[in-house]
């Protein structure tokens with residue numbers, strides 16, 4: 001049952017993403033031939049007006065098929081007949097909608113359940129924090145030069161330091177202090193300094209909106225940091241990288257933990273989906289935007305057949321990567 005909730009939640013993220021492409025395409029007068037949720041063989045579909053809406057067998061992915069997207073067309077309503085700016089807006093709309101969804105969820109969670117802020121509520125006796133003079137009410141501003149917007153930013157900073165001392169910028173009253181602390185591992189294998197955070201139990205609307213923006217911004221930053229560790233080889237592919245199987249398992253666990261946890265995980269996945277899709281890789285939205293930018297710079301249209309060839313190769317590589325990561329999930333499961 002929880003897996004069903006998880007799949008429905010993930011499908012909702014895809015729906016929102018593709019809806020972004022669909023809405024902006026329609027607003028720009030583009031003929032949308034097909035709106036699909038999922039990949040692979042079609043389960044069922046219905047045609048409303050000029051567009052066919054269908055659901056496909058694999059619950060990962062989706063697409064909006066627009067006239068002129070895969071080949072050249074002389075029709076004034078085709079994608080290739082529109083300006084580069086219009087095409088970029090269409091391609092970027094999916095990721096934008098995922099950001100908006102994450103923001104709305106985080107604001108809702110902050111307003112309904114409260115949140116922890118970057119202020120110290122208490123200091124554990126004989127902890128690293130006490131040793132360097134951290135006091136109740138201190139507010140963390142930076143860790144190793146990186147701004148702290150949420151408590152997750154602080155935890156990420158400790159994790160990235162890998163046990164090495166970190167430099168903290170702290171606000172105490174009207175003063176800004178700089179202190180260096182040596183993190184220690186707790187029983188869960190996570191680095192800590194021995195503090196608890198102050199809780200905002202009944203935030204105002206302004207506080208909730210601010211926290212929503214901070215949470216979204218923090219996740220975007222963490223996503224790029226994670227990508228960097230994968231590219232540079234710092235990440236352990238066995239334990240730090242998960243694919244479809246891991247996502248389903250984690251979604252199921254989130255659903256089992258309750259509505260708030262599932263909503264938070266949905267927002268988390270929504271940000272990951274947005275960041276991933278904006279990477280400048282062929283077949284992804286970011287790759288298509290990159291091509292449009294190149295065409296704007298050289299002031300010349302690249303023949304559609306070449307663009308389609310590049311996107312086809314990119315899609316095949318992505319599918320191959322998904323298969324490999326799925327196999328990895330089965331052989332070396334994270335959960």
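Note: Cβ is positioned from N, Cα and C throughout, glycine not excepted.
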Which range of 239-261, 262-284 is transmembrane segment, per Swiss-Prot: 262-284
Residue 17 (Zn(2+) binding site) CB neighbourhood, other CB atoms within 10 A: 27
Other CB atoms within 10 A, centred on residue 18 (active site): 20
In the chain carrying residue 21 (Zn(2+) binding site), residues 6 or more apart in sequence that have Cβ under 8 angstroms from it: 64, 90, 91, 93, 94
Distant-in-sequence neighbours of the transmembrane segment (262-284), which means Cβ under 8 A and at least six residues beyond its ends: 5-6, 9-10, 12-14, 16-17, 92, 94-96, 98-99, 101-102, 105-106, 108-109, 215-216, 219-220, 223-224, 227, 247, 250-251, 254-255, 290, 310-315, 317-318
